[in-house]
Amino acid sequence: MTPGELRRLYLIIRVFLSYGLDELIPNIRLTLPLRVGRHLFFWLSNRHKDKSLGERLRLALQELGPVWIKFGQMMSTRRDLFPPNIADQLALLQDRVASFDGALARKHIEIAMGGALETWFDDFDSQALASASIAQVHTARLKENGKEVVLKVIRPDILPIIKADVRLMYRLAGWVPKLLPDGRRLRPREVVREYEKTLLDELNLLREAANAIQLRRNFEDSPMLYIPEVYSDYCRESVLVMERIYGIPVSDIAALEDQGTNMKLLAERGVQVFFTQVFRDSFFHADMHPGNIFVSYEHPHDPLYIGIDCGIVGSLNKADKRYLAENFIAFFNRDYRRVAELHVDSGWVPRDTNVEDFEFAIRTVCEPIFEKPLAEISFGHVLLNLFNTARRFNMEVQPQLVLLQKTLLYVEGLGRQLYPQLDLWTTAKPFLESWLRDQVGLPAVIRALKEKAPFWAEKFPELPELVYDSLQQHKLLQQSVEKLTIQIQGQQQRQGQSRYLFGVGATLLVSGTILFLADATEVSTGFIVAGALAWFIGWRRTC
């Protein structure tokens, strides 16, 4: 470790121990070095004994700064790793920090743009509209058309801080499999790698711009979701320029009610937006917390969501989508056998998993959920229960599903905050069943043919040549097989002859030895020489 890394590591240890987080170290033999090492820092003790463990963990991460705050936010979605009291506290972490100087923001934008700010913008406001750990936002107008825009600018010098802390996280992750019996299955280095990728993606605002453009295209003219326009000509890796929006924060229930918003429809549309993104588009906004969601002031009886901050997105492949949809439907039909089979078929748990045992475990954990009214059952907690059960059957962490679960919990919490009577299953079931029907049968075949038509139209003129090449390759392959067969037969014949010669040679050698012991020297010499010669010829035939 470098001196800088050692200083940072000591700071992390000091903060963790001052909040009593050594309580998280399990009392098992493998962690004995950690527990012994804890006594080396005898002067550091828990100064927050009046607070719960989850709250102390949250406060410690806040004290360590933005990189650890974001890590805690991501880990709050890993409810397969943490008990609810800790995960709930981590979910309260707020990514809000003081804004940096507006003059510095202006300078940073001008460096990125390659000229004076006034070349492209009027009315730049040096006072930040919003500020977070990675970036902050300022308002302005486009000089060419006077449209109101926001400029998102990355914090100067944030990259070295992120890289230094992530390097330390990798080192710490390397210790986890050695100290925890379940550490290897949790794939801690992969968790850190996923977190690093998320952070670095957020640092590249061109990626966020591309995500926003894709989402806007997916929901063009949609009555459910509006994504602000991105002015890509003005975007740089550290600067994002997009349309300024005006709306009611989705968490401001009083303002929405005063506006006369149809809260039931708004809540249902949140669910529909999520499932449309996941199953129709395979591309979903994965940071849909209330700070990134607004509701348009226009037509409150037919409410429209406005989504911002598209830095984090997720996607599922076709197989994952199918298994996920079938899992939900099988679960709500209480077909636990099918749920178990789907987990095995998808590869989420090992192929040699005992399906009967797995089914029984799922039934034991999930059946009590149905003691609640159907409208009160949480999709997110259904996934959580399934993943926690599958974990006992060596299910490896699926990062894409973790991101989906986090987003689903956001959507559920938001929907029930807007309309407590929201029946998520009634809203989602028709969508899931319709999507599954579209994946099979003649319509699915026709759609697949349409999708592949351009490819085959391009390849069709080359078809005769491809057929000829295939026939030639088949002919050459056949000749190679015949040649190889002859070689193998010859080799087998030589090996048979060699075995015969080895047998004859061994017999002659043994006979010669017996004759030699009987003082028949001349005869024994002939036998021994003949035996050695037979062995030599046999050896040569094997070469």
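Along the chain as shown, the residues are counted starting at 1.
Note: Cβ is positioned from N, Cα and C throughout, glycine not excepted.
With L129, A130, S131, A132, S133, I134, A135, Q136, V137 listed by Swiss-Prot as binding ATP, the candidate from K107, K152, K163 annotated for that site turns out to be K152.
The DSSP secondary structure for D287 (active site, proton acceptor) is coil. Cα of S131 (ATP binding site) to Cα of D287 (active site, proton acceptor): a distance of 16 Å. In this structure, the binding-site residues under consideration are L129, A135, V137, and the one with the smallest number of other Cβ atoms within 10 Å of its Cβ is L129.
When every Cα pair among L129, A130, S131, A132, S133, I134, A135, Q136, V137, K152 is compared, the largest distance found for this ATP site is 14 Å. S131 (ATP binding site) has a Cβ environment of 18 other Cβ atoms inside 10 Å.
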